[in-house]
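Below is one structure, written out as structure tokens; comments come after it.
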Amino acid sequence: MTFLRRFARNRGALIGLLVLALIVAAAVAAPVLYPTSPWRMVSRPFMAPFALERFPLGTDALGRDVAAGLMHGARVSLLIGFVSTLVALLIGVPLGAVAGYFGGIVDDLCMRFTELFQTVPSFALAIVIVAILQPSITSIVLAIALVSWPPVTRLVRGEVLSLRSRDYVQAAITVGQRTPRIIFGQVLPNTVAPIIVMASLMIASAILLESSLSFLGLGDPNLMTWGYMVGAGRTRLIEAWWISFFPGLAIFLAVLALNLVGEGLSDALNPRLAREAR
Amino acid sequence: MLRFLASRLAKGVVVLLAIAVLNFALIRAAPGDPATVMAGEAGAADEVFVQQLRERFGLDRPMVEQLGIYLKGILTLDLGFSYRQGRSVASLVGERLPATLLLTGSAFAISLLLGTALGALAARRAGTWADTAITTAALLFYATPLFWIALMSQILFSLKLGLVPNVGYETIGAGYTGLARVLDILHHLILPALTLGLFFTALYARMMRASMLETAGSDYVRTARAKGVSPSVVTRRHVARNAILPVVTLAGLQAGQIVGGAILTETVFAWPGIGRLMFEALAQRDYQVLLGVFFVSSAMVVLFNLVTDLVYRAVDPRIQVGG
């Protein structure tokens, strides 16, 4: 209860949560409100927004409905954001736990490996991975996950390192609990709070990364995405600004909402730190 | 100092070698025959060329031997050959590199200077309207997709208002020389560098503000105040100088992001750097060029990290980085 109350006191976080709920609603409602494919040409091209009730956000260069694209795009953005973050956590958490728990040479090896991935320009690596594996939802998720796990590893390692010397962990070692059970049963549950905070921020950057890839033409060719829409409207920017403007705004709102929620979670889960930062 | 530089350079070389191995692994992760992948798709490869590639990379020999051949190539700055462009990747990248260094360097400098200055201002005026304005703006820009803000500022500042050139690096055909040319390039640089720097300005401003507020609460700052040091000196010497350290660390870690952002910025503004080269190679699926740009941009990050390490030492002489 105290957690909920602390979260609710943060006005930004509440606004973020509201915006996020609207985007989720759009994603859920997309197949109901726009049952036909967002790729279908439904009207004359270059219809201005707010002119016709049927096409509130106008149409693009091929006469496709921008509003339909936005709502279907929300599905892709959220899906890729969540799944790639999950995959990144699956790589980052175990590696960080092993590094922090065992220490010594294992730690050294894990951290050098992590540093290497942190040095590499992540966007360039993501481009190369998607281009080589061919753009598809799987290769995009894989690429985003492969460039986003290092901060997770560093975070988990740091937490585990400090938890390892706690009395209850030492007690578990003394009574002879097996190592995997100690790591998963005693240590990792206590790192959940910071991981949740980081995950919400990671979803935001995954959405940014996915839209940047689609913008460059590396999106899944079967899926309508926000990044693709911005990129497709690029060449007709002067006559038809709305084709690029609205999808970009959608990305911005989604990322902002997730950042706000992440900050709210961080403050609510860690009230001591929150007070210090003010 | 020399020993420090040498140890940093050695570390950089190790990282680059590891990246070369990663590159090697990537090209072999592709489905199908690596030789055809290297030659590029869309019928660019003829059988003779593919056979040449097989021989050159020893694709019929064991994997370890192949890796050896590949690494030897990297050491002699051989980044492969772009069949589509009919030139070596090294020469293509070398030609485009200065433009990217100029763009990323300016964006890096702008964001670090502006970000720390704004963050410090927000912290000093914590709770006032100036703080609220800076914090809110930072929050908003932090969430803005780079390619979108680049497009939108392109419409607004160059196409509608005509303040700065639309695309490119310099006025083609103007034949400027000397100072006029430098000014012309700078005029073209303003918009790309500002849009690329904006996200990082927001990031550093947030970081600097938090860091300043944290440092301001420490004991030595209270001591300095108590012994009567003037407030402006306390802020400058005691607070800001210590608060900037984590920001510089972060900036070093973020160097890869700036290089990545340059790919998007250069694509939008047709800035003739390696990012634009990557975009062009993408359309043609020219994997040799893609991997070449990836390797060189990684090398740039290693360089940026070296520079931030040096800055770090200059800002805080107590720290013996890496010894």
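We count from 1, first residue shown onward.
Heads up, the Cβ atoms here are built off N, Cα and C, so glycines get one too.
Note that TrEMBL annotation is computational and uncurated.
TrEMBL lists A:74-262 with the feature domain 'ABC transmembrane type-1'.
Through the fold, the transmembrane segment (A:78-102) approaches residues 23-24, 27, 110-111, 113-114, 137, 140-142, 144-146, 148-161, 164, 179, 182-183, 187-188, 191, 195, 199, 202-204, 206-207, 210, 254, 258 of its own chain, all at least 6 residues removed from its boundaries and within a Cβ separation under 8 Å. Among the features that TrEMBL reports, transmembrane segment is placed at A:78-102 (among others).
The annotation transmembrane segment is assigned in TrEMBL to A:123-149 (among others). Remote same-chain residues near the transmembrane segment (A:123-149) are listed as 76, 79-80, 83-85, 87-92, 95, 117, 202, 205-206, 209-210, 212-213, 216, 218-221, 223 (criterion: CB distance under 8 Å, separation of at least six residues from the stretch ends).
Annotation comment: TrEMBL describes A:195-219 (among others) as transmembrane segment.
Distant neighbours of the transmembrane segment (A:240-261): 12-13, 15-20, 23, 46, 48-49, 57-58, 60-61, 66, 69-70, 73-74, 77-78, 81, 200-201, 203-205, 207-208, 211, 226-227, 229-230, 232-234; these residues of the same chain sit at least 6 beyond its ends, with a Cβ under 8 Å from one of its Cβ atoms. Residues annotated as transmembrane segment in TrEMBL: A:240-261 (among others).
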